[in-house]
Amino acid sequence: MRFDVVTLFPEMFSALTQWGITGRACEQFLASVHLWNPRDFCSDPRKTVDDRAYGGGPGMVMMVKPLEDTVAGIRASHEAAGIKSGPICLLAPQGERFSQKIATDILSYGNLSFICGRYEAVDQRFVDRNVDLQLSIGDFVLSGGEIPAMAMMDAVIRLIPGALGDGQSATQDSFMNGLLDYPHYTRPEIYENLSVPDVLLGGHHAKIVDWRRQKSLELTFRLRLDLIESARAKGLLTREDEQFLRSL
């Protein structure tokens, strides 16, 4: 999986490329992150990438040409590597809310380019001419698109076969089956008078599977009822699931 990231702060991405699961995935060439600074595509001595907004108002607006020239550089790099360019994604508060399903969709693209906005906004003409999709991580505003881009890349990289130590880890994450994850426990067996549930200590696999499913249903019902409704609409709930939910 290849990511191309347009950012004024490429140094930020060392947190993703050098550490943890995502860092190992990059080391093993399961994923690659290519960083592109629009200032490198500016011809003026000051490397100007922003200007005042027409019509007035606070803040500066990222200019069209440096961004378009950067995108042209990305596409030229793809052509030289013999790969087809994937979608261009702008990180923006008005974008579609990122989800596990979108992470799975992105993985299927093979490559994706992120545009990390800064300042007040990105010139709309760049958006109209170049952007295929806009994504957000929530109804709040950050200083730029770098943190959302890293969060999304982390979610996608986890899905790459071989990226996780345990092949089942990703499939058992929250949201993969439409529900929240079940509780997890490790040693010691008793801590401050709090014990690990007996069913997890008995070694009966079928009972453990049932307990985990019920706990997943219970947590989702209490914390994210909207996910229960969505799972029901998609046919992800069994008759036994529905019977258990009625008992809550």
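For all residues, glycine too, the Cβ spot is worked out from N, Cα and C.
Per Swiss-Prot, these features apply:
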- G117, I137, G138, D139, F140, V141, L142: S-adenosyl-L-methionine binding site (BINDING)
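What Swiss-Prot annotates, mapped onto the structure for a quick look.
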residue : record                               : DSSP class
G117    : S-adenosyl-L-methionine binding site : coil
I137    : S-adenosyl-L-methionine binding site : coil
L142    : S-adenosyl-L-methionine binding site : coil
Original post:
Under 8 Å Cβ-Cβ from G138 (S-adenosyl-L-methionine binding site), six or more apart in the same chain: what's there?
Top reply: R97
**OP:** For V141 (S-adenosyl-L-methionine binding site), write down the residues of its own chain that are at least 6 apart in sequence and whose Cβ falls under 8 Å from its Cβ; none is a fine answer.
**Re:** P93
Subject >> Candidate with the highest Cβ count within 10 Å, taken from the binding-site residues I137, L142 >> reply: I137
